[in-house]
């Protein structure tokens, strides 16, 4: 509503201002219009609306006392304000700001940085009164208060933070946009600030782990929004990249630093441990997507892992440990983990398996997790862990020999005492290992039979039964893998590289066996038809020399050879059960990874020299070993191992080609043999050393994955006995069908004891049974977080006490050392005064000058002349009758100091309680 122009009045100080703006902003209980077309004065009414009225009414409204005048002029920065703030002179600051008239003055944009520094300085010095005066007398905007809030957080002053938040709420209203803090990267005024772009008060408080301030900010509605994906193309991300790419990247890093902090995860997350797992995996992915900031992301990822480990270390009893390790959040990955069932009596360990999938090595290798896994691994065999190696080998040999009998007993009576013993994970592991050893023995036996019946295997008359016994185990392995896919899920199954290797080996076994069967069937059916007699002879009577290169039997034999080799390498899967062998197996895997990366470089260089050398010798037929790609490749390949003949490159009749060929061959030998092979050795040594440096963590993590693979239900019977349907399987099928039909599969949730260490105000008010009761998992999580925060606060207070104590100790040492030096100096002066009377005049003047310097210390301190800050003690007797001594010295006499005590030539000890403290301004040279 636009009021009419104010008429001039000779008896009033009100002047015509023109038409006021229609937009008004409420400040406290007053209403004023911030946009005025001309400088001058305007009237602020205590009412909330400006109503148009007649001229007499406007002049009458200007008279009451509830009207205030605000000068619409820019307030210039007084140069004396900074010294006044440094001295803490409140009256001086008030006089400079002219707070007596109650006017809030606007700032000059050119002096923005000076006003910010003044406000920030008052916060750093802890002068709350001066800060309040600045906020009352000066109109600070949102950006300036934002920076002041950062300074208050940086100096860990919760009272100042609360005061600034109240002022910020007053400026922004209840609908404060907390996301506008992160948009500060578009503000050039923060370029001179000490804080990086994108740092918000909550982010800074989280980075410093200031739990009290973080709690205060989160209760006010502050939050750290998760940054968008690195490939996000939304309007906000595009504008940020185009405006300033460096600020945009630093803002993302600072945001993740706040999100990954212990304080933010502890206070804002319902399940802090689970959030740490997910954030750790996300940061590991970001380190690969943004290699420019890889060290920063990896450091934050390590911080999340350490936080999860520290939370786990806060558990106090087995009930809490079981709850933490067996529960997980309800997301897609965890639902797959929950569907995986373990043997009867074995806990689910959902969170522990989630940590394994997320590669949380420190969490998995924590002593608490390892103790739980070891106790489940041994089961009822409590003496297995402490038994000797010889006894373990003897038990393993007995299981290897009696494996068929044990499987028969379990097939008949799985609930018997012996059947339950076979379900113990360590016995199950030995049983499956024995089955695999029998499979390898079968492969070796078939190889021996192939050597005995070599003539038959070289022709079409081979007996398929002589080399197909292993297919019984292959069928069992195939059924085992199918059940594993059903239990784990397809995604989790292919995350394990051993499963991929198993699928490849089984596929080649099946392909080899299928090709042999195909040859037999094709020969049989072709011989039934007289028109295909030639083809019949080829598949039944042809010798090996007449076979085609793509003959199915040749392919089958090749596949069988490859799978036999891979089957023996699969034995390395069980090596992590032993500490030394497990470490070597992990090192071997890392070395193979290094070799794969090395082969890429070797392929590039080898292909380059292969092409160059081959092109040199192609036109010359005189060289029988070079000039063809396959011959040149063989020559260069064996050159790497020093097994090639160097005379192959010689062509005496063609000097130029021979010279260039020798140059190429020499450079190839230099690069491959000297540079690349030594680089490969260095890479392998580096990988082995890294594993050895962290051998305990690597081995325990690999062993944990091995243990978890044998905790699953339904995989007790080893190969090949698992292909025989058991009565137990039939019973389970019938029971599941009945449960689905009758819908009687409701399970009662277990009741857990309450958490004594968790205060009642952190839980729901219901507290008892019912829907409002907090789940036991959340109770345990909140208890762990509460203990962690309290431990962090105690550690912080202890560090502060130690820091102050160390400083006091150092100060006491300095004071004691100075006191001893002054005593020695005093003794020397006394001895010189007695031994050399003729020099008493000079020494007396020196002593009096030194005493005068010490005596005037309090005056210097009152005048602000502070120098060293070191306190010393001197004798009270030396302060007596200074004026008389000065008079005697001027007369040329020597006056000996007389004391009330008996005569003593030694040093005078200070009297307790009568020491006088001085501060030395300077030390005179002797």
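Keep in mind that glycine also has a Cβ here, set from the backbone N, Cα and C atoms.
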Looking at 340-359, 360-379, 500-519, 520-539, which stretch does TrEMBL describe as transmembrane segment?
500-519
For the transmembrane segment entry in TrEMBL, name the matching range from 556-576, 577-597, 598-618.
598-618
Which range of 277-293, 294-310, 311-327, 464-480 is transmembrane segment, per TrEMBL:
464-480
Within the domain 'Transient receptor ion channel' (232-294) only, compute the mean pLDDT.
89
Let me spell it out: take the transmembrane segment (598-618), skip the flanking residues so only those 6+ beyond its ends count, and list any with a Cβ under 8 Å from a Cβ in it.
626-629, 632-633, 636, 649, 651, 657, 660-661, 664-665, 667-668, 671-672, 676, 679-680, 683
Which residue counts does DSSP give the domain 'Transient receptor ion channel' (232-294) for helix, strand and coil?
53 helix, 0 strand, 10 coil
